[in-house]
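The feature domain 'FAD/NAD(P)-binding' is assigned by TrEMBL to 22-347. Look at TrEMBL and you will find K77, D331 tagged as FAD binding site. Among the features that TrEMBL reports, NAD(+) binding site is placed at G207, A208, S209, Y210, V211, A212, L213, E214, G289. Annotation source TrEMBL lists domain 'Pyridine nucleotide-disulphide oxidoreductase dimerisation' at 367-479. Annotation comment: TrEMBL describes H469 as active site, proton acceptor.
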Amino acid sequence: MKAHKDGVLQQLLCGENEVYDYDLIVIGGGSGGLACSKEAALLGKKVMVLDYVVPTPKGNTWGLGGTCVNVGCIPKKLMHQTALLGTSIQDACKFGWELPEETVKHNWETMKTAVNNYIGSLNWGYRVALRDKNVNYVNSYAEFIESHKIKATNKRGKETFHTAAKFILATGERPRYLGIPGDKEYCITSDDLFSLPHCPGKTLVIGASYVALECGGFLAGLGLDVTVMVRSILLRGFDQDMANRAGKHMEEHGVKFLRKYVPVKVRDLSTTRPGLKSFLKYFVLIAVGRDACTGKIGLDQAGVKVNPKNGKIPVNDEEQTNVPHIYAIGDILEGKWELTPVAIQAGKLLARRLYAGASLKCDYVNVPTTVFTPLEYGACGLSEEKAMELYGQDNLEVYHSLFWPLEFTVPNRDNNKCYSKIICNKLDNDRVIGFHYLGPNAGEVTQGYGVAMKCGLTKEQLDNTIGIHPTCAEIFTTMEVTKSSGGAITQTGC
């Protein structure tokens, strides 16, 4: 039975020359799946991509491109930029710009239309790119019925069947609901937020994930009343020193935090039982995490092992599952980064290993990333907590500093609220094993230092680098105070 599910029996019976419909079928049309499919097609393989978006409880759906393009990175960053522009308008007056006397207002509908028009152009671009590379794109839901055969069901219920020599799973994740009465009826997730036809108004964000803080942050930046309900800690998995500083900045700028609260029910009522806190006339956004889309694609029929606790798929360092001809990339992998650029890199390299004789594997270590909170948080490498766990506190030196961006001085805001930190391994020539930055343009700052860390960046090399003045990034070339010293880290002067 196991040999049948793993596809070994079919190989023994039919030999290696079995004729399949495709060389490769990719299940999932997100960033990783598209990158892999296009690369395989460029290498001369016959490729199919299946992508189908199951509508949200509110009925929302979207086009080709996956979470990042449609309901993730792209609209999130654009709406974050919208909020930053609002702050820039306020700053402009301090720099001498004379604005109209009437109150400057934000129009949600204008923003939403512009953002969605851009996303639509990306959706179309992906379809054209697949067509140009002779990749067969099918807008259908894929489900394994054998290890080399899938059933594809379109939105009208029509079923077709396809076989392939190899498969790549790239189905991604979807937001998790609370599992309490009323959550799907009265609440939305990030899958619905970016295409809302109207401004949400007073908003309760449930969760402390990066999605929760990013969405809560830009909504507050648009002038909305925002409350974030937190069960335990902010940004689980990230450096907690940095996470708390990002949260404190949000709080200082009007975002309210309710800590150690857990919702038990969502009701459309104006009263509740004694002892329970109620939120009247709040728009409720759930952002408590995401679940892998692996439960209903027939992986049991294909023999693919899945972690029953979280739906994640264990793979080896080649992104290969326990079934030799089935691979997986992206957010559904067990213990890997849930980031678009990681999925793209893994997909491209996997295709090259499969069809071009390449050997380079995706490096999941020292991956730079940014959380687009109002004061952005960029990180690369280990958190302080993880570094202490791996190396011990006595073997680490942590350098840190507050700083005040020049751009913030004239408007006189956020004085010494920005913060930088590096974690160095004293046993390895003070090599930088953790990089953390809280300030403007965090992604732009972190990206370059991420390259340096892959090259083995040390504290001495940072000290020997001449900074560009006046910039925020230069702070890493001048840090002298260690946490262990207890010295003052407030920046004075320029």
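Numbers here mean position along the shown chain, with the first residue as 1.
Yeah, the Cβs are placed from backbone N, Cα and C, and that goes for glycine too.
Annotated features taken from TrEMBL, shown on the structure.
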residue	record	DSSP (3 states)
K77	FAD binding site	helix
G207	NAD(+) binding site	coil
L213	NAD(+) binding site	helix
G289	NAD(+) binding site	coil
D331	FAD binding site	helix
H469	active site, proton acceptor	coil
Counting every protein chain present, what is the number of Cβ atoms, excluding its own, within 10 Å of the Cβ of G207 (NAD(+) binding site)?
24
From the Cα of S209 (NAD(+) binding site) across to the Cα of K77 (FAD binding site), what is the distance in angstrom?
16
For the domain 'Pyridine nucleotide-disulphide oxidoreductase dimerisation' (367-479), what are the DSSP-based totals of helix, strand and coil residues?
41 helix, 33 strand, 39 coil
Taking K77, H469 as the recorded positions to compare, which has the smallest set of other Cβ atoms within 10 Å?
H469
Given the recorded NAD(+) site (G207, A208, S209, Y210, V211, A212, L213, E214, G289), which additional residues of the same chain have their Cβ within 8 Å of the Cβ centre, ordered by sequence?
V205, C215, L235, A287, V288
At the level of the C-alpha atoms, what whole-angstrom distance separates V211 (NAD(+) binding site) and H469 (active site, proton acceptor)?
33
Between any two of G207, A208, S209, Y210, V211, A212, L213, E214, G289, the residues recorded as binding NAD(+), what is the biggest Cα to Cα distance in Å?
13
What is the number of other Cβ atoms found within 10 Å of the Cβ of G289 (NAD(+) binding site)?
15
